[in-house]
Ligand SMILES: C[S@@+](CC[C@H](N)C(=O)[O-])C[C@H]1O[C@@H](n2cnc3c(N)ncnc32)[C@H](O)[C@@H]1O
């Protein structure tokens, strides 16, 4: 049997088997041309075993990124595994927004709930003069973030912290993509997310708002004069999150911004009428 026949056969079996070629190509580091040239060749025995293994894992709904073991995010390649959430394209939009609105040197940044380190590390990569602290309640996630920092040659600080419990100092930017899914929203989620990504990264009490509530209540003491807060939110949480922060920061401007799909995805808390550059 050649590679193409194998892929075609598996694609008939299950929906996500179309990922098989992608995962295989990525693991073998094949460019598109080498991959296409391979398709009509007989499968070698060790490759057949590899492909069977990938195929079984995909059939169990394991995310392709966990099987590959890494993923591209913004300006970085990050190791990913079940210790942390797979960083999403919407979060790249948040990183992009922060960079566009803060074209200055030497800012201090805190990334609360850093997971793989995606947000904080991509900011550090783009702005080497920024002093970036990665915080997470999960020691497992922090270990992964540390691996990603080292692999990308980025020097950042780490703190294991329940929101702000172990954080010291003040920051020009506090950014967070916290867990924001309500416990009763599971039926809206893909099985692969429910089954493989860590609960700690996904769910929050208070209809998904618990961590925003704590961020709103306690950010002020960790924010420098003129500091800004950037949040990723669930598409239906814009107004609720805005209300929470408006109470704590009555004088700041609070913007709810959409992602590329047009869904509310980010909330930004900054000084009123400030020039955003
Ligand atoms: C949605 S994931 C985001 C990960 C990463 N920032 C990203 O955007 O891909 C949320 C992260 O928040 C962390 N987390 C959950 N509860 C927390 C808490 N009380 N304090 C700090 N971090 C928390 C989880 O461990 C997880 O890594």
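The backbone N, Cα and C atoms fix where each Cβ goes, glycine too.
Annotation source TrEMBL lists S-adenosyl-L-methionine binding site at 113, 114, 115, 116, 117, 136, 177. Residue 136 (S-adenosyl-L-methionine binding site) falls within a strand segment according to DSSP.
As annotated by TrEMBL, substrate binding site applies to 177, 178, 179, 180. Counting only residues at least six positions away in the same chain, the Cβ atoms of 91, 94, 113, 115, 119, 231, 232 sit under 8 Å from the Cβ of residue 177 (S-adenosyl-L-methionine binding site).
If you look up TrEMBL, you'll see 14-69 marked as domain 'Release factor glutamine methyltransferase N-terminal'. The residues of the domain 'Release factor glutamine methyltransferase N-terminal' (14-69), classed with DSSP into helix (H, G, I), strand (E, B) and coil, number 40 helix, 1 strand, 15 coil.
Assigned with DSSP, the residues of the domain 'Methyltransferase small' (102-185) fall into helix, strand and coil as follows: 25 helix, 22 strand, 37 coil. Per TrEMBL, domain 'Methyltransferase small' is recorded for 102-185.
Ligand 1 lies under 6 Å from the Cβ of the following binding-site residues, listed in sequence order from 114, 115, 179, 180: 114, 115, 179. Each residue in 84, 85, 111, 118, 119, 120, 134, 141, 145, 201 lies on the same chain as 113, 114, 115, 116, 117, 136, 177 and has a C-beta within 8 Å of the C-beta centroid of that S-adenosyl-L-methionine site, without being one of the site residues. Report note: the substrate site is defined by 177, 178, 179, 180, and the residues of the same chain whose CB lies within 8 Å of the CB centroid of those residues, excluding them, are 113, 176, 201, 204, 211, 212, 232. Shown are the binding-site residues 113, 114, 178; the one with the most C-beta atoms within 10 angstroms of its own C-beta is 114.
Listed binding-site residues: 115, 117, 179. The one with the lowest count of other Cβ atoms within 10 Å of its Cβ is 179.
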